[in-house]
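Quick look at what TrEMBL annotates:
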BINDING   G131, A133, V134, N138, S365, N397, L486, D489, S490  Na(+) binding site
COMPBIAS  44-55  compositional bias 'Basic residues'
REGION    40-65  region 'Disordered'
TRANSMEM  123-142  transmembrane segment
TRANSMEM  154-174  transmembrane segment
TRANSMEM  194-225  transmembrane segment
TRANSMEM  280-297  transmembrane segment
TRANSMEM  309-329  transmembrane segment
TRANSMEM  358-379  transmembrane segment
TRANSMEM  391-412  transmembrane segment
TRANSMEM  474-503  transmembrane segment
TRANSMEM  515-540  transmembrane segment
TRANSMEM  546-569  transmembrane segment
TRANSMEM  590-613  transmembrane segment
TRANSMEM  633-658  transmembrane segment
Amino acid sequence: MANTAQLLRRQSSRDIVLKSQKSIDQLELRELRGRLVPKEHGVSHHHHTSLHQHHQPMYGATNQGFMSDAFDESSELEQEPAFGSEASTSKAKAEILAAAAEQQDIVEGEKEGEERESWDSKIMFLLATIGYAVGLGNVWRFPYLAQKNGGGAFLVPYFIMLCVQGIPIFYLELAIGQRLRKGAIGVWSQVSPYLGGIGISSAVVSFIVALYYNTIIAWCLIYLLHSFESPLPWADCPTRLYKNFTYDHEPECVASSPTAFYWYRTTLQCSESVDMPENFNYHMAIALIVSWFLVYICMVQGITSSGKIVYMTAIFPYVVLIIFFFRGITLKGAADGVAHLFTPRWETLLDPVVWLEAGTQIFFSLGLAFGGLIAFSSYNPANNNCYRDAILVSLTNCGTSMFAGVVVFSVIGFKATATFDRCTEERASLVFQNRTSNLPICDLQKELANSASGTGLAFIIFTEAINQFPGAQLWAVLFFLMLFTLGIDSQFGTLEGVVTSLVDMKLFPNMPKEYIVGALCLSCCLISMCFANGAGSYIFQLMDSFAGNFPLLIIALFECLAISYIYGVRRFSDDIEMMTGSRPSFYWMFCWKYLSPAAMVTILMASLYQLVTDGSSYPAWIAAQGATQSMEWPHWCIVIAFILIFSSILWIPIVAVLRLCGIKVVEDTDPAWFPEAELKEVHGIVPHEPTELERSIFCFNMDGTEGMCCPKYGLPEKSLEEEEE
């Protein structure tokens, strides 16, 4: 994902001519920029309505709403008969060019006419959004949750939560970003000046999550570098030299496994608790510096160059997954692994924890409430079909999760079968020797269930299975390169919410965008050094457990409430109809106003209840045992957890209270230019008359107002005549 907040990259003299024309003749400019069908198509302005069904969104132009690159304003001016003759046309053009130098600064600063960079193509936007939504959680979180919570039965609450919570909020964020054409802070401040804290909270959460998420990318880089070694460094236990000059395998490694030992002791250099950071991990520090430098390089140029990176970072993981799929299904035991994943255990549906984890997984796998989706959609053409995009990306995300589950458990099935076969051979050998006591217990289902979530699945279990592949180095390179591209794609989208908010707020109006990105990446890199020590992995788990779950649920809840009860569901539906040509169905409106907020409140309350009753702990590596042991967080960690949570969500009430006191945390800005009249003409929009069901369920009134709503804080309505004046 690229930082799409950079300034115009294709500004030319024709833009200066057009902007100067606005100062000379406002009505003429409105006519020019409202022409959705270029002049050379042979269709005049009054024929737009009859051809609106053939109109496609315009990409690749840095413009307010949509503008065809083929549209030539100069030729349009020359052909315009209003000037009367060729001489008068030349004279008018000369006056425009002469006034350009004098008025350029004034015109450039006009809020209403500010242009906004756009995606080069629709496919680039889709790939960027898919790359942002599809992340590491699809590969190492969903398979674990599915096999733990009922196998195939888990898909029932998973898809119910997708329809009730996932797609509606995804659709909402894409639509509001495309309509108001600003980042998260600008959007929610535009909805209501009292709600600017929602955007700030999204930016703060994105900053915190990006801070520790890049640590995963650093881990992937370390493993990717060592994947070229032969043999793989995690394939066998290292040896230790004793004082009597004898060699033996490292006891700690023998007690655990080569992959677990390499992960905890070589890569992380884990201490035995979060209270003992011990030595500084120089290898980890170098990997963090490299990973942040790569993020900076990819983001600093914006869409101009890094937007094209999504063609690789979004597509490559699917290529690797397909390769692993065909490799995995040919392995012995793959069928047992896939069957273990999807065999339904229907009794688990009665467990409320299963529904809680399904809703949580849907919420976080789609990347909701970070502000990245709002920022991405704000650079779409004003007539882009955001509804189709929401359905496509959401289903692609869920389909990827299931496909990744098949790939992962086909390999886990192979590993479990190999372990089961060795166990049965050892048992048979002992029985053959007439040794009937202390026989090993061989259980294939237990081995299949012995999977892990998150880093344990990727860096321990999956790497152990890869060790048994012929040509293990090649498979290791492919696997960790896939994890790297998945991670860096999501990292771009997360940081996009921060950078776009900084640019839209104009906190540093005189600072070039590349300096803002550089300062952000540098500050994150310096802070992330806290992960480069023996307790670094525990600090990572602390931030992952608290910083990115409760705040995001609360932010998304306020987003739904803001649209439903302040901006207004009816007005929001009118906007979507104006942009896409079709009105949202009753179901989506019902979700925005009732179902989605209720689902998020339920998940939030259930998560808090589970945290209070079960507590929270972390797995500490005990070197003497060669295994992890669950330990309670110390008090100072609990304090940090509360700071992480409240530093994000407190912005919502703080901004509202300060606004009531007359203090502006977020400065008011004019609405971004939006071709409302032109879109209504193109799509043939007529005022919507609410049905009896809408009036009773949503409190829609016949005079256009909406009950249970405060629309007075929304955008000011302007008629065409008022704008022309």
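Think of each number as a place in line: the chain as shown, counted from 1.
A Cβ is built for glycine as well, from the same backbone N, Cα and C atoms used for every other residue.
Please treat TrEMBL annotations as automatic predictions, because they have not gone through curation.
Remember, it's a predicted structure, so these values are computed and weren't measured experimentally.
L486 (Na(+) binding site) has a Cβ environment of 29 other Cβ atoms inside 10 Å. Count of Cβ pairs under 8 Å against the transmembrane segment (474-503): among 194-225, 309-329, 358-379, 633-658, the largest is for 194-225. The list of residues near the transmembrane segment (280-297) in space but at least 6 beyond its ends in sequence, with Cβ under 8 angstroms from a Cβ of it, reads 214-215, 217-219, 221-222, 267-269, 306, 488, 491-492, 495, 517-518, 521-522, 524-525, 528-529, 531-534, 536. If one looks beyond the transmembrane segment (590-613) by at least 6 residues along the same chain, the residues whose Cβ comes under 8 Å of a Cβ in the stretch are 161, 164-165, 168-169, 172, 352-353, 356, 359-360, 363, 549-550, 553-554, 556-557, 560-561, 563-565, 569, 572, 697-698. Segment contact holds for the transmembrane segment (358-379) and the transmembrane segment (391-412), given three or more CB pairs below 8 angstroms at sequence separation of 6 or more. Neighbour counts were taken at the CB atom with a 10 A radius for the binding-site residues S365, S490; the maximum falls on S490. For the transmembrane segment (309-329), same-chain residues at least 6 beyond its ends with a Cβ under 8 Å from one of its own Cβ atoms are 1-2, 124, 127-128, 130-131, 134, 298, 400, 403-404, 406-407, 410-411, 414, 469, 475, 478-479, 481-482, 485-486, 488-489, 492.
The listed stretches are 123-142, 154-174, 194-225, 391-412, 546-569; of these, 194-225 has the most Cβ pairs under 8 Å to the transmembrane segment (515-540). Listed in chain order, the extra residues whose Cβ falls within 8 Å of the Cβ center of the Na(+) site residues G131, A133, V134, N138, S365, N397, L486, D489, S490 are I130, Y132, G135, L136, G137, G367, T400. Taking every listed stretch (123-142, 154-174, 194-225, 391-412, 633-658) in turn, the largest tally of C-beta pairs under 8 A with the transmembrane segment (546-569) is reached by 194-225. Counting Cβ pairs under 8 Å to the transmembrane segment (123-142), the top-ranked stretch among 154-174, 194-225, 391-412, 633-658 is 391-412. Beyond the ends of the transmembrane segment (391-412), by six or more residues, the same chain brings 126, 129-130, 133-134, 138-140, 142-143, 146-147, 155, 158-159, 162, 166-167, 170-171, 318, 321, 324-325, 328-329, 331, 334, 337-338, 340-342, 365-366, 448, 451, 457, 461-462, 465-466 to within a C-beta distance below 8 angstroms of the stretch. Within 10 Å of the Cβ of V134 (Na(+) binding site) there are 27 other Cβ atoms, across all protein chains.
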